[in-house]
Amino acid sequence: MKPSLKAAIEAIRAGGMVVMVDDENRENEGDLVMAAQFATPEAINFMVREARGLVCLPLEAEQVDRLGLPPMVTRNRDPRGTAFTVSIEAATGVTTGISAADRARTIVVAANPAAMPEDVVSPGHIFPLRAHPEGVLGRNGHTEGSIDIARLAGLEPAGVICEIMADDGSMMRLPELRKYAAKHNMPVVSIADLQEWCREHGRGPVVGHDLICTPVPAAGEMVAESALPSIFGGHDLRIHAFRAVDGVEHVALVKGDPSKGVPLVRLHSECVTGDALGSLRCDCGAQLREALERISASESGVLVYLRGHEGRGIGLANKIRAYELQDHGMDTVEANEALGLPADAREWDAAADLLRHLGVSSLRLLTNNPDKESNLVRFGFDVKSSERLEIEANPFNRAYLATKRTRMGHFLQEQPA
């Protein structure tokens, strides 16, 4: 395997980006390319800021058909046959659709192999591209290249691409693209190299060839451990204190040996009002108790209690300010935005780091939030299944739960008033 292709596969597998170049007799351009399942607001913002081209979502034909996306035009006159579909937006969990966070959300939703037509709407701010069924062996475009390199990396066959433009608005050519890649510490890979490999070895995941398979090293540290009998989780739990790389201390309650088998895992965001004070405005306290009971009943499991996540990351005082706005008619998303804060400011890298310290690689995830699953996958975990944790609504949190379902994309059943 050529070193450039090996480096590119490793970068894609680790959630990074590569510079992919085509033939000088074709477009003679370079695109930033990454796997769609790893799309984050930060990644999309980097593409928009540093590449400046159009952010597109290459998908296999089966996924395009699954989403029910018609072509952008009935007669495609593009000499290179670029197969745009209608533009899309995620049906839930976005605002205007143009922000980096909204576009990342749309990409992750549309690239999910379980996505259905009702999960997206048109028009929108993301531009899907229908790939040739034979990949780079059928068409030598960045569309097919992004999908095939994701396949070689063992990931979902969907990519994100964005043309790389120079400061003056012209397209970068190969010499400038190499300098650009070196500046941003990215591999450069050619579609020709992908075609050569796929002709000889097929388009399936690459095994061996000294590929690096662990994408992110653990950076924080475990600082304490003890037994912790719990009225919620039984008498055989152990508590671990973990200090993240930013100095924040988090907690894991552990049942059994989570490094063996497929443990049941819950990522629980700190909520003083719900967890400690019994607030009825949210479902946090009830979810915490239910999760500990289910983990205690499992052969092995982990509840990661994430500090610094109060109010979805906006802090306790701001959460209380948002409550006041909700008392005057705003929903939880509108209240955060009225305070000049994001709807969800949480980061999940500390949780991933903690789980790696516990030896977790495969897991069953206890969540209603698709963002938790996509982030764990982005960090290299094998999420075998996602199990729901629904709590019966009460008069004080019914509107809040409805907002999580309709505006934030949580997997919740509609509950009667």
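In case you wondered, yes, glycine gets a Cβ from its N, Cα and C as well.
The annotation in TrEMBL ties R266, L267, H268, S269, E270, E310, G311, R312, T332, T367, K372 to GTP, and of the candidates under consideration, Q287, Q413, the one tied to the same site is Q287. In the predicted model, the domain 'GTP cyclohydrolase II' (223-384) shows an average pLDDT of 92.
Excluding C271, C282, C284, which define the Zn(2+) site, the same chain contributes S269, T273, G274, D275, S279, R281, D283, G285, Q287, L288 within 8 Å (Cβ to the Cβ centroid), listed in sequence order.
Of all the recorded positions listed here (H142, C271, D344), C271 has the Cα closest to the Cα of E310 (GTP binding site). Around E270 (GTP binding site), taking its Cβ as the centre, 19 other Cβ atoms fall within 10 Å, counting all chains. When Cβ neighbours within 10 Å are tallied across all protein chains shown, the highest count among the binding-site residues N140, T143, T367 belongs to T143. For the binding-site residues H142, R266, C282, the largest tally of other C-beta atoms within 10 A is found at H142.
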